[in-house]
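> The structure that follows is given in the form of structure tokens.
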Amino acid sequence: MGIKLGMPHIGVQRPTDAGPGLMDSFGRKATDMRLSLTDKCNLRCTYCMPAEGLDWLQKSAVLSREEIVRLVRIGVDTLGVRELRLTGGEPLVRADLLQIISDIRANHADLPISMTTNGLGLDKKAQALKDAGLSRINVSMDSLHPDTFAQLTRRPFLDRVLRGIEAAAEVGLGLVKINAVLMRGINDQEAPDLLEWAVSKGFELRFIEQMPLDADHGWTRDGMITALEMRTLLEQQFVLTSDPRNRDGAPAERWEVRRIAAPDIVVGTVGIIASVTEPFCADCRRTRVTAEGKIMSCLFSREETDLRDLLRSDADDDAIAARWQDAMWAKPKAHGMGHVGLGSEDFVQPDRSMSAIGG
Ligand SMILES: Nc1nc2c(ncn2[C@@H]2O[C@H](COP(=O)(O)OP(=O)(O)OP(=O)(O)O)[C@@H](O)[C@H]2O)c(=O)[nH]1
Ligand SMILES: C[S@@+](CC[C@H](N)C(=O)[O-])C[C@H]1O[C@@H](n2cnc3c(N)ncnc32)[C@H](O)[C@@H]1O
Ligand code: SF4
Ligand code: SF4
């Protein structure tokens, strides 16, 4: 069955009375399905991809539209999936993206379907994505300075990303969220300006702690910008107070934003995603499917479970659902291990980069 690559929790058998849905042995239930549509990408963000790119999967290795639509149907109808996120790699490079979304939408009228993208080409596709049934979009953009953007992504495409963001907002693709990974000495000092831009445009900006998921293995615990540092940087220009809304399992801790000059007016919300220093694994609700159809129960799992071979055999939906449940039962407690601690002595960085897992 699954490919076993070593690490804790291997051999944890799902008991017969585990119940329905994607339960794990720590009592968490995955209802948020994150599906990678491709491992390919047209940027080379330093915290994710090497400059030369990666060895892309063969087309035949990647799940087809029909296989994806079937897996989502099994997830939603049988296993209690309540929301779907399309990611990658870069999902917009997938030629049949619109058809995938409209097929899923045809099966699931009320399913929230969101997508995380780098925004390249979004200006031309935003309306069609909305028409196909996409509910919401998150766009990654780490800097408003062309040179800094190009340094971080190794491509000079800031203008195109900005056009994509504007188009998403214009066609009404929900509340547009912007993701920015802060990198020391590169874009960290820009944090307040990025927030000023986002609140003035009505976007929800989220600052993300860099995780050890880069193909170059360049991450260090001391080098990354922590959530505490992020808040300190923002407090040069803003007052942040905890957002009273329920976090509801979300990676982002939200803060209400007021300008120091007008402290009575809430001008927006900012999220901080502190996967390293303030982890949220205890309330994790995610199940991941890689572009080639492997279940990763955790972003940092060293264990992967193949569903593609079942999808390409005469296995019925129940057999696929059962293997998916088995994989999720063995989900590690946190950060791919028995405890939280990215960068701790016993932490082992996954072989795959964020782009190859599906961020
Ligand atoms: N540790 C950890 N970090 C995650 C996980 N999922 C997402 N992240 C981080 O959160 C960032 C934002 O993820 P998005 O794809 O925008 O989605 P989201 O924040 O879950 O979604 P919404 O707020 O519902 O739009 C990613 O870039 C990751 O850095 C996860 O399962 N574990
Ligand atoms: C892997 S990308 C895939 C989707 C799309 N290409 C994009 O960039 O939005 C998803 C998210 O992962 C984030 N990401 C990539 N590598 C990361 C890392 N090492 N640490 C934290 N977040 C990372 C990106 O900033 C992006 O917001
Ligand atoms: S973060 Fe997204 S855009 Fe950047 S290299 Fe990774 S997959 Fe591509
Ligand atoms: S590191 Fe693993 S357990 Fe923790 S939130 Fe991410 S996917 Fe969930």
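Start at 1 and count along the chain as shown; that gives each residue its number.
Note: Cβ is positioned from N, Cα and C throughout, glycine not excepted.
A TrEMBL annotation is a machine prediction, not a hand-curated record.
Note that the structure is a prediction, hence the values are computed from the model and not measured.
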> Which of THR116, THR148, THR153 shares the GTP site with ARG34, ARG85, LYS177, ARG286, THR287, ARG288 per TrEMBL?
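For the GTP site that includes ARG34, ARG85, LYS177, ARG286, THR287, ARG288, TrEMBL also lists THR116.
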> Spatial neighbours of CYS298 ([4Fe-4S] cluster 2 binding site) among the binding-site residues ARG34, CYS41, ARG85, ARG286, THR287, ARG288, defined as Cα within 10 A: which are they?
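Those close enough are ARG286, THR287, ARG288.
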> Ligand 1 is in the model; which of the binding-site residues CYS45, GLY89, THR116, ARG286 have a C-beta less than 6 angstroms from one of its atoms?
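Near ligand 1, sequence order: THR116, ARG286.
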> List those of the binding-site residues CYS45, ARG85, THR116, LYS177, MET211, ARG288 whose Cβ lies under 6 Å from any atom of ligand 4, in sequence order, or write none if there are none.
none
> Run through the Cβ atoms and count how many others sit within 10 Å of the one on THR116 (GTP binding site).
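20, counting other Cβ atoms within 10 Å of THR116 (GTP binding site).
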> To the nearest whole angstrom, what is the C-alpha distance linking CYS45 ([4Fe-4S] cluster 1 binding site) and ARG288 (GTP binding site)?
21
